[in-house]
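Scroll down for the structure; my scribbles are underneath it.
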């Protein structure tokens, strides 16, 4: 086995392990915490977690086998089923990210009317659209035999048709697929999260003005305290930009190489380096490992839930145990809070 194959294999193993463990942890938090289940974004996160788990258990292991054996993993029909799932789950997860960005945009830009704009019924309708959208492209590819083992990516996924007419149709299909998934989701993410960043910066600026006015009035304040206040202002501004950059940046870093390679592949006759194809596919898979941290596990509510679960498993009394029960019974939490440049958890009622 070449060094490149070994490195790609290790990368895939890490992605599979991290993706499975992190997405299972998100699912456990969702089932454990009733407050998370009541929130509208929880439905989108659950759908995204479901897609990531299935992708981690189906397509990723077969790609790893393909890299290790340099051969077709499994039978033809089995590979077609996995290729169908690969197209469906990848498309569905992208649309779920777009739905989450729209939800966050409405919550931050229209906090007072959030509950009237985004309800559970609206979330179910949005999820139904993502499933119909994803199933439509997957079924078309399966019916036209455009799914199978692709040597370049060492995985069961979309494949070119052999006949000239079929190749032309496949080219049109691929362009439409990526236009209505990757390109559409890219536009939605950029527009919504940049709007969120604008609101976050406005709140940071307002907090900074109040802080500076306070520092001016407190003429006898110690220089070290003044310096800490100024440093906190800087961190607050950077925190907002860093969070938005993470949402957008992980999407483009993970999916852009794969999508561009897919499109370029349609118009060139020279074969690509197979290691490049597997690397692009691995980067696309890595989004399934990043999503639990980007959208869930790094948030305060999920961290607190994980802490409660660990304390319960270790049979330790959690300092927030009684508060957890009280929070589940509360009605009418604050709308959407933008605090220190970051969006906090949404209301539950």
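Residue numbering: from 1, along the chain as shown.
The backbone N, Cα and C atoms fix where each Cβ goes, glycine too.
Positions annotated as compositional bias 'Polar residues' by TrEMBL: 317-328.
Per TrEMBL, the feature compositional bias 'Basic and acidic residues' maps to 333-349.
Marked as domain 'G-protein coupled receptors family 1 profile' by TrEMBL: 22-295.
Look at TrEMBL and you will find 317-349 tagged as region 'Disordered'.
Positions annotated as transmembrane segment by TrEMBL: 6-32 (among others).
Marked as transmembrane segment by TrEMBL: 44-68 (among others). If you look at the transmembrane segment (44-68), the same-chain residues 6 or more away from its ends with a CB under 8 A from one of its CBs are 1, 5, 8-9, 12-13, 15-16, 19-20, 23-24, 26-27, 30, 74, 79, 82, 85-86, 89-90, 92-93, 96-97, 99-100, 103, 123, 126-127, 130, 149, 153-157, 278, 281-282, 285, 288-289, 291-292, 295-296.
Counting same-chain residues at least six beyond the ends of the transmembrane segment (126-150), those with a Cβ under 8 angstroms from any Cβ of the stretch are 43-44, 47, 66, 72-73, 76, 79-80, 83-89, 91-92, 95-96, 99, 156-161, 166, 169-170, 173, 177, 180-181, 277. TrEMBL lists 126-150 (among others) with the feature transmembrane segment.
According to TrEMBL, the transmembrane segment annotation covers 170-196 (among others). Here the transmembrane segment (170-196) has Cβ contacts under 8 Å with residues 87, 90-91, 94-95, 97-98, 101-102, 104-105, 108-109, 133, 137, 140-141, 144, 146, 158, 160-161, 244, 247-248, 251-252, 255, 259, 262-263, 266-267, 343 of the same chain, all six or more residues outside its ends.
Sequence-distant contacts of the transmembrane segment (244-264) (same chain, at least 6 residues past either end, Cβ-Cβ under 8 Å): 94, 97, 101, 158, 174-175, 178, 182, 185-186, 189-190, 193-194, 196-197, 200, 272, 276-277, 279-281, 283-284, 286-287, 290, 294. According to TrEMBL, the feature transmembrane segment maps to 244-264 (among others).
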